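Reviewing the structure listed below.
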Amino acid sequence: MDMSRGCALQALLIVFITGSLADLQLLPSPVNISMVSINLKHTLYWDPVMVPGNVTYSVQTQGEFESRFVSHYWHEIKNCWNISARKCDVTQEVSTSVMYKFRVQTLVGDRLSAWAELDPPFNRRSTLLTLPKVELQVSELNLVAQIKDYGADFTFFIFYWKKGGEDDVNCITTSSYDVSTYLEKAEEGKEYCAEVIAYARPINRNSSRSDTVCVQVQGAKQSVVFITLLSIFGVVLVFVPIVLGVWKFAYVLRYYCCPDEDIPEMLKEPNMGQRMLRNSHSSEDSEEINNVELHEHRLLENSSFIVKMPKL
Ligand SMILES: *[C@@H]1O[C@H](CO)[C@@H](O)[C@H](O)[C@H]1NC(C)=O
Ligand SMILES: *[C@@H]1O[C@H](CO)[C@@H](O)[C@H](O)[C@H]1NC(C)=O
Ligand SMILES: *[C@@H]1O[C@H](CO)[C@@H](O)[C@H](O)[C@H]1NC(C)=O
Ligand SMILES: *[C@@H]1O[C@H](CO)[C@@H](O)[C@H](O)[C@H]1NC(C)=O
């Protein structure tokens, strides 16, 4: 009786222990853990764990120093703790070019799986540098370039040249991306081309050279008309006040030195009457001449009129 009770207790204990062990074993660890690192942005991925309940995951990391000297110490990644997503951005965790270990755990309620490790560990030197993209634009004759969709930690070498002048290639370095970088004043009617290399400073590595992009600068016609109109307007704007000023000045001057007043009788020229008589005599002569001329003119007019008449 005692023995059978003892056996039952033992069996219960065994069932309980194995049951809890089975529970642990039943919650599988994540599999197929992989790192995708592009242009120094690192994301850890894993496959979903298919078990009933709300499955979440947690991620920890360990740098090369800890791996060697305090291998029990793992650093938990705050934004990837008990998450339902199956990826984790670990860019901020990787601050030097050494080996980093990563491991992922499955959680369902208060049950945990064993940790599963990324194999092999990750070094940011293995990051993939994509072909940079550059856009070339001309705005108010400023030649500008814009590097697309890259990231921080890069220096960009922008090579540019005038088409036909490939021997004379200029280079500008910038750390800006997704904003315009000024290159130089563009010449009207010319075509400019550019290529870019992205230099990853933390790992001292260059990307491949981008595809060549070109831009045609608009011809001069439109702007010449515009500039001409603008200069005419400017000239008018400058000269009108000057002309007005000069006119006003002359007006003032005239009143200042030659006042427009009646000349007193005393100052009038003597023998005025005689002179006027002589003038009227000569005007009689001229009147005679005028009359003759007028007569001739009328005759001419008449003749031309006569010539025209029969036609009508
Ligand atoms: C592992 O995951 C990658 C994508 O993250 C997928 O392409 C690949 O097929 C997976 N491998 C297995 C064995 O499931
Ligand atoms: C999973 O979580 C949601 C809330 O986030 C809850 O409504 C649901 O009941 C949970 N399912 C299970 C199977 O625990
Ligand atoms: C994980 O989050 C769920 C809710 O999403 C919560 O019920 C659970 O207790 C959390 N587990 C841990 C270990 O923090
Ligand atoms: C990267 O490219 C630039 C421009 O061609 C060059 O000056 C530099 O030496 C290169 N650096 C490396 C590490 O290849």
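Every residue, even glycine, has its Cβ placed from backbone N, Cα and C.
Per TrEMBL, signal peptide is recorded for 1-22. Per TrEMBL, the feature domain 'Fibronectin type-III' maps to 14-115. The annotation domain 'Interferon/interleukin receptor' is assigned in TrEMBL to 145-217. The annotation transmembrane segment is assigned in TrEMBL to 224-247.
Sorting each residue of the domain 'Interferon/interleukin receptor' (145-217) by its DSSP state yields 3 helix, 40 strand, 30 coil. DSSP places the residues of the domain 'Fibronectin type-III' (14-115) in helix, strand and coil in these numbers: 25 helix, 36 strand, 41 coil.
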